[in-house]
Amino acid sequence: MMSDAKASENQERRADERATAAVSPEEPIAAALGDAAPAAAVESRELAQRLSNASVWALVVYVGGAALTTLAQLQIAWLIGVSGFGVYSYVFAWITLLGYSSTLGFNVALLRFVPAYGAKDQWCLARGVIRFALAASFATAVVVALVGAGIVAASAEHFASERASMLIGMAAVPLITMYMLGATLVRAFGGVVSALVPERIFRDGLLLALVGLAAMVTSQPLDAPLVMAALLVSSACTAALVAVTALRFWPREMRQVKPAYAIGEWWSSVLPIMIMTALDILISRSGVIVLGWTGNIRDAGIFALGFSFAMLLMLPRVAVSTIFAPTVAALHAQGDQSGLRGLFARASVLSLAGAAVLALPLLLLLEPLLRWFGQDFVGCVPIVQILVIGQVFAAAAGPQQTMLIMTGNERAALTTMIASAGLNIVGCVIGIALYGAIGAAVATTATMVFWNLTMAVSVRKHLGLGPGLAAAIARRRARARETAAERDTRPAFAPPPGR
């Protein structure tokens with residue numbers, strides 16, 4: 001793969017090629033960080049293909065998981081009705097917000113700390129941050145679940161129809177927190193696909209099976225509490241599977257070292273990430289939460305179903321970011337600015353291409369599919385059409401939030417998220433009051449556009465990079481000019497480079 005003849009190529013091209021050196025989905029962390037690679041040039045097309053291949057594998061898992069999730073939601077909505085599905089969606093939005101928030105931001109920060117410590121052979125600190133993250137997050141999740149259950153029990157009037165489902169859901173909060181952190185560790189260790197399978201495939205696949213089994217063995221109509229109980233069981237099994245997978249991918253270098261702690265450094269980094277994690281979920285779930293809180297349970301179910309379909313377009317972006325995040329952390333630790341630029345451009349192109357491929361069939365086939373399930377479900381079609389606009393715009397902008405967080409600019413990312421979350425909540429309140437679920441969709445899309453525009457300003461200010469698609473186009477033009485200049489200055493009798 002290495003070639004001494006290529007060692008004389010310019011530094012920017014070599015840095016660009018190293019930036020694409022994302023490993024295969026199951027390659028160990030040491031390979032992902034490039035610890036064993038000599039400081040020599042690498043074949044650009046070959047390494048770019050690695051990023052594409054790894055992203056494709058991740059996308060396959062995400063698409064399969066999204067198909068299971070959507071199928072499970074359609075099955076649940078069909079079995080318990082749109083109103084019952086609204087209760088389930090409302091409760092699920094709350095426990096997702098609480099479960100992710102209880103990770104204290106380590107579900108993102110570990111992707112930065114572990115590869116960075118590994119790149120510097122500081123495995124004692126890597127083990128320390130892992131131990132601290134698991135202990136602190138689990139304790140927080142338990143406290144949050146207990147407090148949440150107490151609030152639900154004491155507010156029987158407000159949670160009249162959702163009380164039983166809420167209490168069951170609170171029990172799932174620590175499980176959600178633990179399997180999120182476990183999956184993050186597996187990703188940081190290089191097991192990208194293995195990190196995605198438990199949550200994206202196993203959890204919802206088991207939920208689908210449990211709900212289907214309950215429908216077959218009971219003569220009573222299913223309801224939201226029963227479905228939440230099935231979710232609790234599937235979450236517990238998912239947490240166990242993730243724990244086993246994390247132990248299997250545990251790096252050899254970290255098995256014998258004693259943990260070291262830099263708690264002050266970690267807290268200063270994870271505090272903004274913790275807030276961003278909560279805000280991220282709040283932005284995506286505001287429509288359902290506000291609809292449910294204001295008593296529009298049926299509309300909450302319709303919006304949640306439409307939102308799930310629109311989120312299919314987010315899958316390519318998330319899949320690329322899954323490979324992108326640890327590599328960004330390593331490149332930033334090495335001070336490789338050109339590598340970051342090249343990686344960001346490629347990640348943006350892959351994200352937009354995937355979103356465009358999914359958008360067309362979704363818009364064409366959604367309404368006929370939903371009519372087959374029943375007329376009540378067709379109401380989410382205009383919601384999907386509105387939300388798709390925001391998702392395509394976000395894909396074109398590239399994984400800007402990941403870039404900011406993985407390069408230590410958490411506070412800049414936090415500022416944009418606070419403004420966006422505030423805009424989304426106010427927009428949802430006003431939009432729902434005027435147009436119901438359609439108003440929530442308009443507010444969510446407007447927030448997505450605003451959020452990505454403000455992040456683009458931050459990325460330009462702190463990293464000197466343009467928005468994703470614009471950066472990719474500019475880089476391609478620069479490479480074309482460079483190639484043309486080399487061709488014009490080369491003597492007619494000179495052999496091509498590398499020969």
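Cβ from N, Cα, C; glycine included.
TrEMBL annotations: computationally assigned, not manually curated.
Here is what TrEMBL says about this protein:
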- 1-19: compositional bias 'Basic and acidic residues' (COMPBIAS)
- 1-25: region 'Disordered' (REGION)
- 54-81: transmembrane segment (TRANSMEM)
- 87-111: transmembrane segment (TRANSMEM)
- 132-154: transmembrane segment (TRANSMEM)
- 166-189: transmembrane segment (TRANSMEM)
- 201-220: transmembrane segment (TRANSMEM)
- 226-250: transmembrane segment (TRANSMEM)
- 270-294: transmembrane segment (TRANSMEM)
- 300-331: transmembrane segment (TRANSMEM)
- 343-366: transmembrane segment (TRANSMEM)
- 372-397: transmembrane segment (TRANSMEM)
- 418-443: transmembrane segment (TRANSMEM)
- 480-490: compositional bias 'Basic and acidic residues' (COMPBIAS)
- 480-499: region 'Disordered' (REGION)
Next on the checklist: Check for me, if you would, whether the transmembrane segment (166-189) reaches the transmembrane segment (418-443) - at least 3 Cβ pairs under 8 Å, residues 6 or more apart in sequence.
Outcome noted: no
Item to check | Long-range neighbours of the transmembrane segment (87-111), counting only residues six or more past its ends (CB under 8 A) | outcome: 76, 80, 129-130, 133, 136-137, 140-141, 144-145, 148, 161-162, 165-166, 169-170, 172-177, 180-181, 184-185, 187-188, 224, 227-228, 231, 266, 269-278, 280-282, 285, 288-289, 291-292, 297, 300-301, 303-305, 325-326, 329, 405-406
Checklist entry - Short question: which residues 6 or more past the ends of the transmembrane segment (132-154) have a Cβ under 8 Å from it? => result 94, 98-99, 101-104, 106, 109-110, 163, 166-167, 170-171, 173-174, 176-178, 181, 261, 263, 266
